[in-house]
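Trainee: Dropping the structure in here first, questions after.
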Amino acid sequence: ASPSTPQLGVGRVSMRKTASKTVSSGSPWYGPDRVKYLGPFSGEPPSYLTGEFPGDYGWDTAGLSADPETFAKNRELEVIHSRWAMLGALGCVFPELLARNGVKFGEASWFKAGSQIFSEGGLDYLGNQSLIHAQSILAIWATQVILMGAVEGYRIAGGPLGEVTDPIYPGGSFDPLALADDPEAFAELKVKEIKNGRLAMFSMFGFFVQAIVTGKGPLENLADHLAEPVNNNAWAYATNFVPGK
């Protein structure tokens, strides 16, 4: 008999958890003696945070990881968002860096670049008319939905043949450099990825706040701060919103 949809869902969660388990002996990032969020001053972690997965510092005051299925889903969401945040942070900084070094490709500020599609000439990807010349925001939106939907569907379904057992770390053709061949090295890379991903998500949040408050990109804000650190810093900008000022 064929399994029901709920059974398939439970099986998929269990499979992901099993496939994502890390075998790492003596690592400071895994197991009961792993590094905790407050170091030696950390309290006893919840019983369900055993140090089995990368990035587990024993901190979950809201109990978000208490349910195994919710924990598995949240872990997947965190890793995927971390990867997009790392790409996004690089995409926010790199155009500004190029522009500051004399490369001309249109608007360098990440939050202003997209608005060029509403201009009369439209938007040239990388400032090059021979690449993609976009003139319709609806067409771009539809294309993004189709492309991203196809990629996510491919990942979640396990590839065309369903041979990928772990959508978070698929391996195979997704690992052309064979970085996952050594289990110990792979376990450490998972920790590095999630740590840098969390920093990238905070960075993206900071970029959004900077854009709203200063109307400038991250490198321009950094240059302003280095030039006048007393007048250009988070505290100085925050006090501008104090009532009566």
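Cβ from N, Cα, C; glycine included.
According to Swiss-Prot:
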REGION    1-28  region 'Disordered'
TRANSIT   1-15  transit peptide
MOD_RES   ARG16  N2-acetylarginine
MOD_RES   THR18  phosphothreonine
BINDING   TYR37  chlorophyll b 1 binding site
BINDING   TRP59, SER65, GLU78, ARG198  chlorophyll a 1 binding site
TRANSMEM  79-99  transmembrane segment
BINDING   HIS81  chlorophyll a 2 binding site
BINDING   ARG83, ILE132, LEU161  chlorophyll b 2 binding site
BINDING   GLN116, LEU126, GLU193  chlorophyll a 3 binding site
TRANSMEM  131-151  transmembrane segment
BINDING   SER136, GLU152  chlorophyll b 3 binding site
BINDING   GLN144, PHE241  chlorophyll b 5 binding site
BINDING   GLN144, ARG155  chlorophyll b 4 binding site
BINDING   LYS192, GLN210  chlorophyll a 5 binding site
BINDING   ASN196  chlorophyll a 4 binding site
TRANSMEM  199-219  transmembrane segment
BINDING   HIS225, ALA234  chlorophyll a 6 binding site
Trainee: What whole-number Å value do you get for the CA-CA distance of ALA234 (chlorophyll a 6 binding site) and ARG83 (chlorophyll b 2 binding site)?
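Mentor: A Cα-Cα distance of 27 Å.
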Trainee: In the three-state scheme derived from DSSP, which category covers ILE132 (chlorophyll b 2 binding site)?
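Mentor: For ILE132 (chlorophyll b 2 binding site) - judged by DSSP and reduced to three states - the answer is coil.
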Trainee: Any idea what DSSP makes of TRP59 (chlorophyll a 1 binding site), helix, strand or coil?
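Mentor: Note: TRP59 (chlorophyll a 1 binding site) is coil by DSSP, not helix or strand.
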Trainee: May I ask for the distance between LYS192 (chlorophyll a 5 binding site) and GLN144 (chlorophyll b 5 binding site), taken between their Cα atoms and rounded to an integer number of Å?
Mentor: 29
Trainee: Anything within 10 Å of HIS81 (chlorophyll a 2 binding site)? Look among the binding-site residues SER65, GLU152, ARG155, ARG198, PHE241, comparing CA atoms, and list what you find.
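Mentor: Close binding-site residues: ARG198.
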Trainee: Among the binding-site residues HIS81, ARG83, ARG155, LYS192, HIS225, whose Cβ has the fewest other Cβ atoms within 10 Å?
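Mentor: So among HIS81, ARG83, ARG155, LYS192, HIS225, the binding-site residues given, the one with the fewest Cβ atoms within 10 Å is LYS192.
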Trainee: In sequence order, which same-chain residues at least six apart have a C-beta under 8 angstroms from GLN210 (chlorophyll a 5 binding site)?
Mentor: LYS216, GLY217, PRO218, ASN221
Trainee: In whole Å, note down how far the CA of SER136 (chlorophyll b 3 binding site) lies from the CA of GLN116 (chlorophyll a 3 binding site).
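Mentor: The separation of the Cα atoms works out to 11 Å.
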Trainee: Rounded to a whole angstrom, what is the C-alpha distance between TRP59 (chlorophyll a 1 binding site) and the residue listed as 'chlorophyll b 1 binding site'?
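Mentor: Answer for this pair: 6 Å between alpha carbons.
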